[in-house]
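Read through the structure below, which is laid out as structure tokens, and then see the notes.
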Amino acid sequence: MEIVIRQTPSEVGTTVADIVEGYVRRGPTTLGLATGSSPLGSYRELARRHRESGLDFSDARAFLLDEYVGLPKSHGQSYFSVIRSEFVDHVNLDPGHVLSPDGESSDIAEEGARYDAAIAEAGGIDVQLLGIGTDGHIGFNEPGSALTSRTRVKTLTEQTRLDNARFFDSVDDVPHHVLTQGLGTISEARHLVMIAFGKGKAEAIAAAAEGPLSAFCPASVMQLHRHVTVVIDEAAASKLQLADYYRYALEHKPSWQSF
């Protein structure tokens, strides 16, 4: 695991965009896209590079981490619609090459297995972007999720539904269930890139990177992965015991070694 500490959230977004651009410029790439506030700066920077420098996403495809059960893709708050408005519609990534779990599937119990099979058929995910919750969750894998879990239906906590109610007309309109990639599914991506900033994420980052491997902190599953880059700002790094070493290692990173 490589931990990259930047001064500001803007620098975090630039570094993550650098990583994604490296993959895209090397050829056909399968991206794992996350929603939420953490990757927004990275998406904006990638869109700017497409607009101003011609960064080409025409050979890329993408898979989303999760989707609400019961919402059509056309709904403004479906994660498919959100990722289009936040990123896909601002670059030349074919929306037909962007896949999400089907929250309207006629066999919702089997949709997770179908989605995992679609990822495998595409050759797997090259680089997966991830946020992290204050409780260490990634995707909708809340504390207690099995570290080897697959894409499946999860029940939203009442607090999560209340938190998301601001995006809907009322809390009654917020779905009770989501389809989310499991921790085992996420771990099969070849490169995991976690994004976090702000003091509110400091304890979760410390638990994920330096704490015990535990279902209590789902993001700690990254400790078992062979290629993880955690890109955070100084505030999110404030609880890391080895922060000075991470800064030292980055300062002396060989010029030939990419993220």
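For all residues, glycine too, the Cβ spot is worked out from N, Cα and C.
The active site, proton acceptor annotation in Swiss-Prot covers ASP66 (among others). For ASP66 (active site, proton acceptor), the Cβ neighbour count at a 10 Å cut-off comes to 20, with all displayed protein chains included.
Sequence-distant neighbours of ASP135 (active site, for ring-opening step) (same chain, six or more apart, CB under 8 Å from its CB) are GLU142, PRO143, ALA204, CYS217, listed in sequence order. Among the features that Swiss-Prot reports, active site, for ring-opening step is placed at ASP135 (among others).
Long-range C-beta contacts of HIS137 (active site, proton acceptor), restricted to its own chain and to partners at least six residues apart, with a cutoff below 8 Å, comprise PRO143, SER145, PRO218, ALA219. Annotation source Swiss-Prot lists active site, proton acceptor at HIS137 (among others).
There are 19 other CB atoms within 10 A of the CB of GLU142 (active site, for ring-opening step), with all protein chains counted. The secondary structure of GLU142 (active site, for ring-opening step), as reduced to three states from DSSP, is coil rather than helix or strand. Taken from Swiss-Prot, the feature active site, for ring-opening step applies to GLU142 (among others), supported by sequence analysis.
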